[in-house]
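**Student:** First the structure, which I've put down as structure tokens, then a few questions once you've had a look.
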Amino acid sequence: MFRKGKKRHSSSSSQSSEISTKSKSVDSSLGGLSRSSTVASLDTDSTKSSGQSNSNLDTCAEFRIKYVGAIEKLAVSEGKSLEGPLDLINYIDVAQQDGKLPFVPLEEEFILGVSKYGIKVSTTDQHGVLHRHALYLIIRMVCYDDGLGAGKSLLALKTTDASNEEYSLWVYQCNSLEQAQAICKVLSTAFDSVLTSDKS
């Protein structure tokens, strides 16, 4: 049932609009195996701000990533049950084991751009747009080791629609955990910038 006998575990701060990166081994109630993993999480469902502003976020920070897959239009009850980073990671694990999400991404690389307006995933020539995620519809972002032993990390987004009636999960592969954490950091700065400008 488990890929190479490994399971993902995470720990994360519940502080809103902050990134938490911790390394620790956690025992699982699903079995005796555990491994160390580093998880960065961004909870955006908040009105808190660190007060830091970045006026350069009109321009986009760009990262080369690969697209793994998505689970769209989750029911409200199912979507709301996926609150913490561990909930998202476990849900994605089960979806991969059930064949709803692939373990490996498409070969094609995409450009993930982050700005104060949200996230845009486009083709490397910038002519085609794969996905757009408006900033105000992103509920949580979490990144973690993919568990396949190649040093790659997964970046998962939980989004909602404008009416908050449906939830979706979007999964991308990053070249490293450092790249995934950098994306989380830029997105956190984008939220802080918008929240700061809203208060002024």
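Placement of Cβ uses the backbone N, Cα and C atoms for every residue, glycine included.
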**Student:** Considering the residues Ser29, Ser41, Ser81, which is the one that Swiss-Prot annotates as phosphoserine?
**Tutor:** Ser41
**Student:** In the domain 'PID' (58-200), how many residues does DSSP put in helix, strand and coil?
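**Tutor:** Helix (H, G, I), strand (E, B), coil: 45 helix, 57 strand, 41 coil.
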